[in-house]
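Worksheet for the structure shown next.
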Amino acid sequence: MLDFDLVLFGATGDLAMRKLFVSLYEIYIHYGFKNDSRIIASGRKELSNEEFLALLCEKTQLHSREKGEEFLTHISYLRVRLDNPKDFEELSKIATNNKPLIFYFSISPSFFATTAQNLAQNALNHANTRLILEKPLGHDLKTCKEIFQSISAFFKEEQIFRIDHYLGKKGVQNILELRLNNPILNILWDQISAVEICVYETLGVEERGEFYDKIGALRDMVQNHLLQVLSLIATDLPNDLKDLRQEKIKVLKTLQPPKDFTKQVIRAQYQGYRDENKVHKESQTETFVAIKAFLDTPKFKGVPFYLKHAKKMPRNQASVKIHFNAVNTLEFFLSQDKITLTLKDHQNPLILETHNKQEFLQPYAKLLYDAIPNNHYNFAHQLELEASWVFIDTLIEGFINNATPLYSYESHNLNESEFLKPLYQ
């Protein structure tokens, strides 16, 4: 039975209604809550408990699920306007300091500093306090640092959990689990000749046109998700997982800026993107990006890491393919609970299929569950973000200076092998 209090800022928002309450329910079903564990839903709207729960049930149908009514008894609503110190005084009256107290910032980063300050001024930054921060955590290195500085004035790094739901995916978790539990793979890890990390989507920007047009594929997917996967592959495994983030920082700091943009970076935009709702008619935002990246480490010097992400592709794909010397390959499927592992050598082909039959929490539930006992290794450290932004900023500067052209591709009909030929030559 879990014992904690969680305050969810932005409780009436889209993410909370689609993902967060359902994830908390999933944790409740698997592990249970102690009777006095509370979820305090917070928003700007003036709602009674009954009105909020009615809204929540309308959006999620939680009341009709197994033990749903029991779960809902742990939820109450408190109006908190993030720029109103008096509302935080009311919050401090019902918050506790004798068990984990988690504040989930499902709010715009523009409110992070004010919210952190109001929490601290009401003695809500004690040793048991944790902050879970939602992306985007910056638009570049400068703004990433500014966000951290505004929060670190009141909270320590070890109190901050930067959530990247990709790190909670079973397929991504499998990378670490396989490396930890299969010594033979660690021998093969010294023989890697190339790595391909690919996330393709058949969908376009849908209703996110205004938001997406300001960030593009590079910031939306590569800066966080794909570079986090890269770091899990390239890091030296520590003896204690508590040290994993420090090892990932070392890896990300060795990312090399492109020497030749035309041979290492391809960007493109799907035809019709500029006609999407709230997208600028002359937009230069990329919806396709492919990068041939290199690390300056003894083990991976000269080994290409191909990072690929695109929208409006012919198929959905989320995978990592690791190529070894002597034509061995290893492939992870990031969006599935299945691991298909194909190891080949010239004489003894071997196909292994591992199906994990154990129940596994969905990504947000997995990460929320990790935050309760203060497990950080599935959350990014500030220095990981800064190292990734240093690399991403060099690419953004190249885009601004047209170091690589913005190509166009037909929706759902891109010839990938032809399009990516410059990267693989």
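The backbone N, Cα and C atoms fix where each Cβ goes, glycine too.
According to Swiss-Prot:
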- Arg44, Lys135: NADP(+) binding site (BINDING)
- His165, Lys169, Glu201, Asp220, Lys311: substrate binding site (BINDING)
- His225: active site, proton acceptor (ACT_SITE)
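Shown on the structure are the features that Swiss-Prot records.
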residue : record                       : CB count, 10 Å
Arg44   : NADP(+) binding site         : 17
Lys135  : NADP(+) binding site         : 17
His165  : substrate binding site       : 20
Lys169  : substrate binding site       : 22
Glu201  : substrate binding site       : 17
Asp220  : substrate binding site       : 23
His225  : active site, proton acceptor : 23
Lys311  : substrate binding site       : 23
Item to check | Distance from His165 (substrate binding site) back to His225 (active site, proton acceptor), taken between C-alpha atoms, in Å | outcome: 8
Checklist outcome for this item: Taking only the CA atoms, the spacing between Lys135 (NADP(+) binding site) and Asp220 (substrate binding site), expressed in whole angstrom, is 9
